[in-house]
Amino acid sequence: MTSPRGSLRPRPPTLLDRRRRRVDELAEASGRSLTADAFRRLRRNPVAIVGAVIVGLFVLVSILAPWIAPHDAATAFPELQRTLRPDSIPGAQPGFPLGSDQNGRDFFSRMILASRQTLLVGVLATLIGLVLGVVIGALAGAFGGWVDTVLMRVTDVLLSIPSLLLAISIAALAAKPSQTTVIIAVALVSVPVFARLLRGSMLAQRESDHVLAATSLGVRRRSIVLRHMLPNAMGPVIVQATLTLATSILDAAALSFLGLGDGDPARAEWGLMLANAQSYLDVRPALAFWPAIAIILVALGFTLLGEALREALDPKGRR
Amino acid sequence: MLRFIVRRLIQVVPTLLLLSILLFAWLRSLPGGPAAALLGDKATPEKIAQLNTVLGLDQPVPVQYFRFLGRALTGDFGNSLITGEPVTTEIARALPATIELAMAALLLAVVLGIPLGYVAARYRGRPLDTTTVIATLVGVAVPVFFLGYLLKQFFAVDLGWFPPSGRQAVDIDATHVTGFAVLDGLVTREFDASWDALVHLVLPAVALATIPLAVIVRITRASVLDVMGSDFVRTANSKGLAPRTVRERHVLRNALLPVSTTIGLQTGLLLAGAVLTEKVFVWGGLGTLLAQAIERRDYPRLQAVVLLGALVYVIVNLLVDLSYAVIDPRVRVR
């Protein structure tokens, strides 16, 4: 029984169709792991692809930076400095596609090389926060009881301080402000977030059937926590880490803007360049414009990827 | 209801105590110790030793902590290293400016955010929805201070529509009653002063509102979609209620619950964002105090402003929790 083409009413499923679908479902359920399933959904999501392309380009540029950049980041060029005045910064000219920065250095090369430092800030800050947060969250989630209570009380208090204010307080403790103190401050702020998230999903794991099964099989507690609970509880944390990559870069830029960063003018990092460019906004807005665009794009890329990951890993979103 | 409020209030106490311990630890880990930090450039070993005795830093740590706690409870956070004034006086003077800015930004974010999120959810998947979602994602990715400069450059410097900085024009002779510039003008019937203050408020408020706006739009949209898919909405629809009634009475009311939590959480962001926005627009509120404190390493002031930020954050979220109990009777039972 076939319906004519162009008919508005869909053909009612035949028995064969239903059987076929059932087999497909079974194959899907047995043949693919959760991760592979999530990855498949990720690949079909245009948001994920846009995010991945942006992030991929960013990583690629930062890896290839020394070969792409025509000049060094710290060298000042006499041909640029010759026309450099407090009220005029030379623009594009042969050999210097984006012109000069405020110190007569090649702005284009600095933009390219800064991708490395920016990636470093984001990745290091996120990684430190992630590791510390995972350790704390796993301890709280695995032990429960008073360990859980104490750790979660402290994280609650840290979460009750607005994150940028907390980062400011931590960064201000440094006797000598530097890129490192900025990274540490930004990293520490994300620790309570990671800890709370992981603890929450560890608790959910503790109640789950497979943990019960492992316990009744006599698996050691240590390996239940490390091999059964932790890997399954990491989903939300990974999503959060992707989003944190974006906020870390933004927060580091804000700290630089407030003067808590690295005064080192030789260092090329987008947040720092954007912060320093504020004094030259009237003279040459491009100095702020390009780092800002770069930061916005990268933050957007990580955010898109994170959101797509969240959707892919969230069982509620599955049809 | 009263029991719920009391219980929630008691829950805040340990949080505040822990916060004070953290602050105390923070003070003790200042570079070179609190005395050196307080003295700044004038620090000599003798002066540090002298100040240590005065501050009681030669006492055992628990004694020091309780002294610190006692001073904090009586509102004594020391004097600013920059002005020499008590920090609390400085803060009291700067507070209205920041509250005014934050309220304006929050108002913008809520008034625009909830309808936008709702409309986006209603037309899910259409161009309007897609555009809104993309705009919110970009909005969160823009550094606040850069957006501030952008607005300032374009609308104040290039177009001249708004003043580039400050809270009030210099030539306006306004009477100060409450400290809230817009309100002062209304109270004293100096309407031109009010208008002037309002015009000054626009750009900073827009800059500060961007991120909360983006977040509120997204949460509203997600929440409305969530509620629209729920069983009771299907029931309401299938029993033949007018779509409009379902939308307004069933969907919107229930969808606003998570939104109100988000609004509470956003106040923290507003306080932090105010630091950046105020620096851009030379606003002269708490953010400006904090920015100065950072530059000059004015630790007493820094500490007090951060503490205030945390306090406001805790209190606002407490209020949001309480309002939850008013809006949604189910919460009270737990």
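Here the Cβ of each residue, glycine as well, is placed from N, Cα and C on the backbone.
Where the annotation comes from TrEMBL, it is an automatic prediction and has not been curated.
Feature annotation from TrEMBL assigns domain 'ABC transmembrane type-1' to B:95-320.
Annotation source TrEMBL lists transmembrane segment at B:101-121 (among others). Packing against the transmembrane segment (B:101-121) from elsewhere in the chain are residues 128-129, 132-133, 201, 204-206, 208-209, 212-213, 215-225, 228, 252, 255-256, 259, 263, 266-267, 270-271, 273-274, 277-278, 283, 285: each is 6 or more residues past its ends and has a CB under 8 Å from a CB in it.
The transmembrane segment annotation in TrEMBL covers B:133-151 (among others).
Residues annotated as transmembrane segment in TrEMBL: B:197-219 (among others).
Counting residues 6+ beyond its ends, the transmembrane segment (B:255-276) has Cβ neighbours under 8 Å at 98, 101-102, 105-106, 109-110, 114, 117-118, 144-145, 148, 208, 211-212, 215-216, 219-220, 223-224, 226-227, 283, 285-287, 290-291, 309, 312-313, 316-317, 319-321, 323-324, 327-328 in the same chain. As annotated by TrEMBL, transmembrane segment applies to B:255-276 (among others).
What TrEMBL records for B:304-327 (among others) is transmembrane segment. Listed as Cβ neighbours of the transmembrane segment (B:304-327) (distance under 8 Å, sequence separation of 6 or more from its ends, same chain) are residues 1, 4-5, 8-9, 12, 15-16, 19, 23, 72, 77, 87-88, 91, 256-257, 260-261, 263-265, 267-268, 271-272, 286, 289-290, 293.
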